[in-house]
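What TrEMBL says about this protein:
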{"type": "TRANSMEM", "residues": "12-39", "note": "transmembrane segment"}
{"type": "DOMAIN", "residues": "12-388", "note": "domain 'Major facilitator superfamily (MFS) profile'"}
{"type": "TRANSMEM", "residues": "45-67", "note": "transmembrane segment"}
{"type": "TRANSMEM", "residues": "79-96", "note": "transmembrane segment"}
{"type": "TRANSMEM", "residues": "108-128", "note": "transmembrane segment"}
{"type": "TRANSMEM", "residues": "140-160", "note": "transmembrane segment"}
{"type": "TRANSMEM", "residues": "166-186", "note": "transmembrane segment"}
{"type": "TRANSMEM", "residues": "207-233", "note": "transmembrane segment"}
{"type": "TRANSMEM", "residues": "245-264", "note": "transmembrane segment"}
{"type": "TRANSMEM", "residues": "276-294", "note": "transmembrane segment"}
{"type": "TRANSMEM", "residues": "300-321", "note": "transmembrane segment"}
{"type": "TRANSMEM", "residues": "333-357", "note": "transmembrane segment"}
{"type": "TRANSMEM", "residues": "363-383", "note": "transmembrane segment"}
């Protein structure tokens, strides 16, 4: 890569990183307060408040299905701009206090818009990255989501506690506009020969990358495991009288995830993804098992650190593998498929887990999911690890 190309890549990479971070920041700013807002504003039940929060994921899934089909025909940069305009408009809908139905529609459309924008940013990364550095590029880029997930909930709860909800909605709208302005400075030149398909025939491969499906399924299981932490950690901590320590769980998660990500990216570029996947799944499972047996604060902190390394590394592996297994002109579809698996796991995991928790309790639930993550080592090996252990990441 020449100096000029390297400079242009770095500029586009940083701008794309910031845009992705800002979009996910708004998501996590709202996700921690929207259920409580719907209860106070519209006097709904806790179940309906959960629907208000969860319908966002339904919109995101539909958005990823659709945009994955057309992103290479239209171009990821154009898709990104359209997605961000749509994102701004849907952020504006939060100001209209009409009815619960309108709020549900707003959440659905907001999730759809986020999916369009973030599928585009996720597609841009492997397309602009040098093949020999693609693992590092994708791995570091995923930190934009990690940082957004760490900062967003804290900031959202702070604003909701000290200011009226109007201020939070305004802040999110300003962030969305800032993301759009920054995206205008992106200069992504990607030449991909479109494949001429018979558009009158609908096939699943137009919406899902079949080669990326096995790793997407593994990531779905991982997403379900992480959803158990996102949704039930606070309730579990209250039960075992470790509420104060629990607030530091995600700080430990973020720190270890951030510190290990460059190393993960380097190994993904220089070696095979199996070098990361097997220990990552092992650490993820151990982190949940430690959480299940925690009786002191250190147990929660160690669990957070291990989950940060394990789950954080697996999301990087999943993204890289999805891209690697797909044709060069299907990178957008592969990225979309990866996120669909992740969204299903995180989005619908809490509902599934919530059904069994009353019967078995939180400790047994975390014990079971910890064992499931260890079983996922075998699942990964069957679906990908043993079948493609000789393929190189820079192959495409």
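Here, residue 1 is simply the first one shown, and the rest follow in order.
Note: Cβ is positioned from N, Cα and C throughout, glycine not excepted.
What TrEMBL says about a protein is an automatic prediction, not a curated fact.
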Most Cβ pairs under 8 Å with the transmembrane segment (300-321), selected from 12-39, 166-186, 276-294: 276-294
Contact between the transmembrane segment (276-294) and the transmembrane segment (45-67) (at least 3 Cβ pairs under 8 Å, separation 6+): no
Among 12-39, 79-96, 166-186, 207-233, 245-264, stretch most in contact with the transmembrane segment (140-160) (C-beta, under 8 angstroms): 12-39
Contact between the transmembrane segment (166-186) and the transmembrane segment (12-39) (3 or more Cβ pairs under 8 Å, separation 6+): yes
Closest-packing stretch to the transmembrane segment (363-383), where packing means Cβ pairs under 8 Å, from 12-39, 45-67, 207-233: 207-233
Contacting positions for the transmembrane segment (207-233) when only residues 6+ beyond its ends and CB under 8 Å are counted: 65-66, 68-69, 246, 249, 281, 284, 288, 291, 307, 311, 314-315, 317-318, 321-323, 325-326, 330, 333-334, 336-338, 340-347, 349-350, 352-354, 357, 362, 365-366, 369, 372-373, 376, 379-380, 383-384
Per-region confidence, the domain 'Major facilitator superfamily (MFS) profile' (12-388) (mean pLDDT, whole number): 87
